[in-house]
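**Student:** I'd like to ask you about the structure that follows.
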Amino acid sequence: MEKGAGAPAAGGSYPQKNAEILSSQYGINLFLAGLLLTFAWAVHAVGISKSHLLSYLITLMLIQLLWMLWYLCRSCTQRRLIRDKDTHAGARWLKCGITLFAVITLILDSFKIGYYIDFSNCLSPTEGIFPVTHAVHTILQVYFLWCHAKDIIQSFKTLERFGVIHSVFTNLLLWTNGVLTESKHQLNEHKERLITLGFGNITIVLDDHAPQCNCTTTTLCSIFSQGIYYLYPFNIEYHILASTMLYVLWKNIGRKVEHHQQHKTPFKFHGITVGMVFGLIVLISTIAIVVVYLIQIGGSKIKSELALTMFYLHAIFVLALMCTAGIVALLIYRLEDRSLDNSKNPARKLDAELLVGTAAGSWLLSWGSILAIICAQAHPKYTWYNLPYSVLVIIEKYIQNLFIIESIHREQEKVNDNIKTLRIVTISRGNTLSLTPKEIYNGRAAPDSREVPCLFKGSISGREIGGGDGAKEETNQENSLVMHPDSEFPFYSSNSVTNNKRRILKNIAAFLFLCNLSLWIPPAFGCRPEYDNGLEEIVFGFEPWIIVVNLAMPFSIFYRMHSAASLFEVNCKT
């Protein structure tokens, strides 16, 4: 009987597991086909043009639009039903972040439409259709994520798995297309900068697929063409964030969740002034360094060397501060005795995997630079600063990953057991001045309490208000205490230490949050010494090193933005 009873449950899981495997294989094949098409266009393969790639992407977006419309319509018809929600997925600050990136992406699409109108004589119609489709896709997808990112789908599970995984890999392909387009534009600029540094033996010819006709309005064409490449970093971040949120939705399909109260942890500026001030100093100085770098690099050999030296010194200082802050945070964790939350959580698991996985991009570039410095025969003075910079990049990511992953796995402190509600009666010369209930948390009164300090001076007497004789009891003697601090509140000192630790951790998280935003800015906007240094190109060769950088740089850029998002969550949770 036990075997027969267990058979249906075991058999019922097979279709769900098979649907997960089949949908994931469908998504991977969808992505690989698009990836090869993108690569074929990039290397000018015979018979493959940009219109073929854009047609493929437009088709994928239209299919996703149809699925999202079907899902939204079905949700409206069933809105009275109570549905399970994953409280950890689709946080409000994450939705606000993706909305900001989406708005800038819409501006990018409008620039592309304007660019197509100016060059319409020699551009394929797909280059005009693509930004329009992409704009509609962006608007509907952001609305979908705002409304349904937390959903745990329990009906039409097989169909929904294919729809969600299709959306995941569509966004990944759009991310890949954005990365490639932006990289092709950057390569021409970096080649010119290398020539100013004296690396004139680089003769490879690069092509950014510029239109073969004249623009109808030269001024507008210049604005559109230049503006497009400054907006691409935000478009790239938008698609990778959308794909991660959709992946969590896919992992949650058919999931059984435990219903428990989720404590809201809003972000508060109170208590993190020090971390915010130092972080803002780093952010402002980084913006200034990037502006000077982009102006000076490529101007002349001396200016380029000074720009590289300035960048390395600033980055070394910032990375050293981040390493120190991370070590302090980990030491505080070692002094605390708090258990880890090992419950099943797809969003948290994905965060940890992305941190380690995308950090590999920076590690690859850093080890390449270290190897180039060791093996190079000639070493310009500015290249020696690259050695401590590369070493610190590796160490800083080690420390920061440990801090973030442990932070998101630590259980939140439970406060309900230590809350005591007391009636504090202030006695002065035999008269009752106040009779107000006070919440004492871990032995400390609520912030609006003004009588609590008197508790330790012997000028008040407290009692529990209850039924029976206790309600009639009255205190008439001054300097008498019903509850003595030594016996009832022995945890004052330990609670103060705990609060100090928590305050330090919040300041560290705020500082690291702003530092990661600061370190996201340089590579996202073209300040990339991995290109401009020149030493790696001499050791590895121009083409091999450029391939390595183009593969690793997108992961390195995403790492900083994802770390900033994770640290924001850590600050709210601490």
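From the backbone N, Cα and C atoms, a Cβ is placed for every residue, glycine too.
Keep in mind that TrEMBL annotations are predicted by a computer and have not been checked by a curator.
Here the structure is a predicted model, which means the values were calculated and not measured.
These came from TrEMBL, pasted as-is:
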- 26-47: transmembrane segment (TRANSMEM)
- 53-72: transmembrane segment (TRANSMEM)
- 93-117: transmembrane segment (TRANSMEM)
- 129-146: transmembrane segment (TRANSMEM)
- 158-176: transmembrane segment (TRANSMEM)
- 229-250: transmembrane segment (TRANSMEM)
- 271-295: transmembrane segment (TRANSMEM)
- 311-333: transmembrane segment (TRANSMEM)
- 354-379: transmembrane segment (TRANSMEM)
- 385-404: transmembrane segment (TRANSMEM)
- 508-526: transmembrane segment (TRANSMEM)
- 538-559: transmembrane segment (TRANSMEM)
**Student:** Does the chain bring the transmembrane segment (93-117) near the transmembrane segment (229-250), so that three or more CB pairs sit under 8 Å (pairs 6 or more apart in sequence)?
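**Tutor:** In contact, yes.
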**Student:** Check the transmembrane segment (271-295) against the transmembrane segment (158-176) for contact, please; criterion is three or more CB pairs under 8 Å, pairs 6 or more apart in sequence.
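**Tutor:** Between the transmembrane segment (158-176) and the transmembrane segment (271-295), which are separate recorded stretches, there is no contact, as judged by 3 or more close Cβ pairs.
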**Student:** Pairs of Cβ atoms less than 8 Å apart decide it: which stretch in 53-72, 354-379, 538-559 has the most with the transmembrane segment (229-250)?
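**Tutor:** Comparing 53-72, 354-379, 538-559 against the transmembrane segment (229-250), the winner is 538-559.
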**Student:** What stretch in 26-47, 158-176, 311-333, 354-379 has the biggest tally of Cβ pairs under 8 Å against the transmembrane segment (53-72)?
**Tutor:** 158-176
**Student:** Near the transmembrane segment (538-559), which residues from the same chain, at least 6 beyond its ends, have a CB less than 8 A from one of its CBs?
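**Tutor:** For the transmembrane segment (538-559), the list is 175, 179, 183, 187, 199, 202, 204, 233, 236-237, 240, 354-355, 357-362, 364-365, 368, 371-372, 375-376, 397, 520, 523-524, 528, 530-531.
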